[in-house]
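Here is what TrEMBL records for this protein:
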type	residues	note
DOMAIN	3-138	domain 'Nucleoside diphosphate kinase-like'
BINDING	LYS11, PHE59, ARG87, THR93, ARG104, ASN118	ATP binding site
ACT_SITE	HIS121	active site, pros-phosphohistidine intermediate
Amino acid sequence: MSIERTLILIKPDGVERQLTGTILSRIEAKGYRLAELKQVSATRELLEEHYEEHVGKPFYEPLVEFMLSGPVVAIIAEGHRVIEGFRSLAGTTDPTTAAPGTIRGDLGRDWGLKVQQNLVHGSDSTESAAREIGIWFS
Ligand code: DAT
Ligand code: MG
């Protein structure tokens with residue numbers, strides 16, 4: 001199997017809470033290589049492309065507003081099976097019930113808002129990884 005690449009974002013809650021180093025360490029400790037890394041302030045246009053699959057869902061607008069609330073760190077991580085490996089390391093979407101041992105499960109929780117502030121994004125397939133890498137690192 002060839003080396004894969006995935007798009008990871010440290011969301012504004014992770015940057016704001018100064019968890020960038022902790023999260024990068026966990027990605028590296030798992031054995032993935034950080035091929036590209038930058039801190040960026042997303043635009044609405046970029047987020048509309050990134051989250052196009054969620055347009056029209058009740059959490060879509062709060063999600064976009066949250067992602068605009070501060071800088072994010074965009075990462076391309078590399079390694080064998082990194083797409084599923086990082087999804088596993090991140091944990092399930094809801095940080096309250098994400099398994100302990102995962103990034104979301106150890107570091108996140110429900111803050112009572114309309115959107116899950118769950119610290120990280122990871123591409124969910126080879127197709128979305130290629131698409132999302134193109135959006136964030138064009
Ligand atoms: P994931 O980030 O685990 O791939 P997703 O792609 O289904 O989850 O959703 C994108 C983001 O939208 C997710 O990280 C947090 C938010 N979200 C998803 N489902 C939600 C819900 N039911 N209520 C509030 N926010 C939600
Ligand atoms: Mg997703």
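Sequential numbering from 1, following the chain as shown.
Each Cβ is built from the backbone N, Cα and C atoms, and glycine gets one as well.
Unlike curated entries, TrEMBL annotations are predicted automatically.
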Here the binding-site residues are LYS11, ARG87; which one has the lowest number of other Cβ atoms no more than 10 Å from its Cβ?
ARG87
For the domain 'Nucleoside diphosphate kinase-like' (3-138), the mean pLDDT of the predicted model:
98
Enumerate in sequence order the binding-site residues LYS11, PHE59, ARG87, ARG104 whose Cβ-atom distance to ligand 1 is under 6 angstroms.
PHE59
So how many of the residues in the domain 'Nucleoside diphosphate kinase-like' (3-138) end up helix, strand or coil by DSSP?
59 helix, 26 strand, 51 coil
For the binding-site residues PHE59, ASN118, which one has its C-beta crowded by the most other C-beta atoms within 10 angstroms?
ASN118
Please report the distance from the Cα of PHE59 (ATP binding site) to the Cα of HIS121 (active site, pros-phosphohistidine intermediate), rounded to the nearest angstrom.
15
Please give the ATP site's span as the largest CA-CA distance among LYS11, PHE59, ARG87, THR93, ARG104, ASN118, to the nearest whole angstrom.
21
Sparsest-packed of the listed recorded positions (THR93, ARG104, HIS121) - C-beta count within 10 angstroms:
THR93
